[in-house]
Every structure is written in C-alpha cells, then in structure tokens.
Amino acid sequence: MHTYSQGEFISAKVNSLTSIETEMPFNYYSLPYCRPQGGIKKSAENLGELLMGDQIDNSPYRFRVNVNESLFLCTTKGLNENDAKLLKQRSRDLYQVNMMLDNLPVMCFTEQNGVTVQWTGFPVGYSPAGSPEDYIINHLKFKVLVHEYGGSNVEIIVGFQVVPCSVKRNPEDFSKLNMYDSIDPVDCPAELQKAQAIRQQERITFTYDVEFVKSDIRWPSRWDAYLKMEAGAKVHWFSIMNSLMVILFLAGIVFVIFLRTVRRDLTRYEELDKEAQAQMNEELSGWKLVVGDVFREPTCSKLLCIMIGDGVQILGMAIVTIVFATLGFMSPASRGMLLTGMIVLYLFLGIAAGYVSVRFWRTVKGTSEGWRSVSWLTACFFPGVMFTVLTVLNFVLWKSESTGALPISLFFTLLALWFCISVPLTLVGGFLGTRAEQIEFPVRTNQIPREIPARKYPSWLLVLGAGTLPFGTLFIELFFILSSIWLGRFYYVFGFLLIVLLLLVVVCAEVSVVLTYMNLCVEDWRWWWKAFFASGSVAIYVFLYSINYLVFDLRSLSGPVSAMLYVGYSFLMAFAIMLATGTIGLLTSFAFVHYLFASVKID
C-alpha cells in the first residue's frame, strides 16, 4: 500500500495496446502519442508479464494529489501517411489503451440499452456507423478515488476512472503552451463535427483533466469493482453446481455398482473349496481368462512412460498453483505472478516427472536399463512440443511487430531454465526411480499372447466417448477461463476452480477404471493405452469446445494471424490436459488391475 500526501505528484503508467479483434498486443508508443519529458522508461517486468506480452512504460499523464486541474500535454506534428493509416487501423480493430495508476487499471463506463457496462482501458479511437471518418481519443477526463488513511491528510488511491473524448482543436491556439500548462475545462462534444478526425497532415492536440473524489472504499476492497461479474452470473453458478452434482452422482452410482459386482465375484470365488475352484477355472470367462496377458508390455511402452511422467508434472503444477491462488497468493494486482508461479512449479516438479516415468518403466520392463533415455525424453517431450509451437507463433508475432513476441533474450532465458533446472531435476528424479522398490506383478505373463475375440464395434469408439463425462465437469468453467484469456476479463474464482479440478480427477479415475474393467470382461488385455485415452480423450472435447468458442463467442476475432494464434494456444492447452487427465486414468487403472489380479489366485 502506498500513501500520498496533499499535492504530491503521481504518474500513470501505460501497458501494451490490446484488442479482442486481433489478440496481438502492440507498444503504446508505436502510435503518435505524447512522450514523457524525461524519456520513455520501462518498468521492471517479471517472467509472466513478458510471456503475456505486457510492456509497461511511464506516461506523460501526471497528477497532483487532491488538486483538480485541466492540463495541456502536447500537439503532434502533422500526421504522415504511415501514422494516419496506423491510427485508423488500430481504431477500427478496437484497440484499447491500458493505463494504470498505483497499480489500478483505468476503468471506463458506457451505457448500452439502459445498462451501465464497465471495462478496463479506453479506445484508441472510434469509427461511427455511416461516417467515412475515423476519430481519435485526444482528451481524457480522469476521476481518481481517494480514501483518507489514518485520519490524517494522507491519502490512498482506491479507484481510477476515465471518460474518453475526441475534441477538435486549433493547434495554433496551443502553440505557445508548454506541457502541463493549465487550460480551460473541456466538455465531451456530442457532435461529430466537433470531434478530432484522423487525417493525413492533421496536427492533434492532447489534453486531460483530473478530478479527485473522496471515497468510502477501503484499501482491501479497491479491486472489488474490477472483479464484479455481470448480471445473470448466478445462473451460471447454479448451472455449474447442478451439472457437477449430477455428474458426480451418476459417476458415483456407476462406480459403487461396479465395485459391488467385482467384490461379489471375488467373494464367491474365495468361498469355494479347492475342488470347486479347479472346476471353476475350467469354466472361466471374462477378465479371468486374460490373467496371463493382462500385464504384458504395451506397445510404445517408452512413450507411455514419458507421457505419464509429463502428466504428473503438469497435474502437480496445476493443483499447487490453484491452491496458492485460492489462498490469495496470486491476486490480480500481481500481474504475471500466476504464470510465473506455474513456470517455477513446473521446473521443480521435474523431479516428480523423472521419478514416476522411470519407476513405471522399471515396472513394465522389469529392469532399470535405459532409464537415462526415459528421463531425458521426459524432460524434453512436452516442453519440446510447446517450444516448437511457441516458436512458430513467435515468428508470426515478430513479423507483425507485436509486443506479444518474445525477445531473443527471453528465449535464451527460457532455454536456460529448461536445460539448467528442469532437465537436471528430471534426471535426479529418474535416478531416484531406479532406487525405489520395484512393483511386482501378482501373476506371470505367458510367452504367447492370447488371441483377442472379434468385437462388433471398434473398442476405440467407447474410449473416445468416455471423455464426455470428464468434459461435463469442466465445460462451463472452461467458458469463464477462455473469456478471461481472450476477452481481457479478470479470473478470480480459484476456489471454485479447485473444486472443479478435484472433481475432474475423481471422474477421470472412475471412467478409466470402468472402461478398463469392460475391456477385460470381453477378453481384451490391451488396456494400457485405452485406460490412458479413456480419460485423456477429454482433451479432444476441450479443443473442439475452443473452436466452438472461436466461432460463436469470438466472432470479432479477425484475420488469419489472430486465428492461428488462437488455434495454436488452444492446441497447447488441450495437449497439456490430455497428458494430465490420461495420467490420472492410467495410474488409477493400473492400481485397480494390480489389486484385482492380486486378490484371486488363478493358475
């Protein structure tokens, strides 16, 4: 918390220009705006802010605490062809200026159909329907809400609002003024004839006025205005809770019935005498027939172990990050902290990824030979896919001169973090996995594989369909997450997200176990990959939902570059979800199959 005395100077900062039309951020000073007197100075940015495309600079907008005034900033030179074209393009693409004062984003209000709509930032300009001209916002009416701190003349800032205007002025009238000279107060004109049009060789005068208003809002509550959800949000909450309860209830019933069936089967078998057991062995059917093949090594076993290791790493990162966010360690006031925390956690959870992948490799192979290769590939598989996709997208952003493009220095920083922290920790985890106690299979595997009976329909249809149940637990929450990412809204309901994540883990485990049992009952012993994709197939539905969101909710997203960015990031999100949910399903199914065949002796 910063306190300010009467008359103390405070300056606003500016972030990258953003738009829901293109999703490509650009530097504020890429447009012909007034520059600060001491030159442009960048604020310190954390890793998360850099990855998000933030570029925070100082601005010429300066206020004196509790002093209401109207000030002149500057008059630009005549717009050249490139500047005029760029201003028009940014205006038509609905670019917003993101300004901050004391770490609070500026808030703008507008009336739509009798309802007051609020959003952060204000437009670069506007293009009225039916008008051939584009108009620039060149006058800002700021309102700073302050709260008296401790009963003294010391103030804290609890709100930052703006009314943007376009005002046509004669540059000659301001030719003798210097920056921060006082001018007469300005009212926002309603007529387009009095607005400042964007034309070549036009000189634009920038001014602003500020009003300080006493407020009852206290420091802990100053972010509440930004986190208010729209009217009708209760409907979404009730819908989410209803869908979660129904899905949990249905999954619970299926799992309980299934457990009772298996338990009754085992109990009946154990109650028979040896002679009856021998006779029953001759009449075995279903899952008991695949006893000699159920633990046979799956195809592409190394890839499976690698994906499980990466899945553990991603799942652990997600759970710990959401827990910390739920406890309030990653508030919206700390820009970029959520992404920074995720990266740090992912790096250090490499030790868990190496341990799990190598231990599973030893279990499948019966030997620790080749564990270094498994550890290396685990450390490089998911980050390698992500790095490749991000590099392609980064070249697109570089070509567009967007601030969303990662600088070369950050590329080398990420590579250093990857190969100097994540890879060594994954190798350490792999070494620990070789030292851990080996998981012994309860039954022997036959030398010759058993023939799998023909089925009326492909078993993969059931596997793909199984992903609908886990998807049902998260699709409404997914809407809020996508809205926060692509529409610039604040996401803060991490407590509810934690509940959804835990329910997703439970449902993924149940679905995979039930599907594994169904496969074994039809004498299909190739359950490993099917158990992985039974819950991992939820990623397919997540990706399809993302495309649906692009088509129906992001209709404003324009241009092939924007669509390419959206699809690329959506693919990475779905890929990470597939690894995490698939790992849950496979590890749970492995524990179930191990328990099932360890519970009954079959020769």
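Quick reminder: no glycine exception, Cβ is built from N, Cα and C everywhere.
Small disclaimer: the values here were computed from a predicted structure and weren't measured.
Here TrEMBL flags 237-259, 303-330, 336-356, 376-398, 410-432, 460-486, 492-515, 527-551, 571-597 as transmembrane segment.
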Candidates 336-356, 460-486, 492-515, 527-551, 571-597; stretch with most C-beta pairs under 8 Å toward the transmembrane segment (410-432): 336-356
In contact by Cβ distance (the transmembrane segment (492-515), the transmembrane segment (376-398); 3 or more pairs under 8 Å): no
Cβ contacts the transmembrane segment (460-486)/the transmembrane segment (303-330), at least three under 8 Å, sequence gap 6 or more: no
For the transmembrane segment (527-551), distant same-chain residues with Cβ under 8 A (at least six beyond the ends): 294, 298-300, 304, 307-308, 459-460, 463-464, 466-468, 470-471, 474-475, 478-479, 482, 486, 507-509, 511-512, 515-516, 519-520, 557, 563, 566-567, 570-571, 573-575, 577-579, 581-586, 588-590, 593
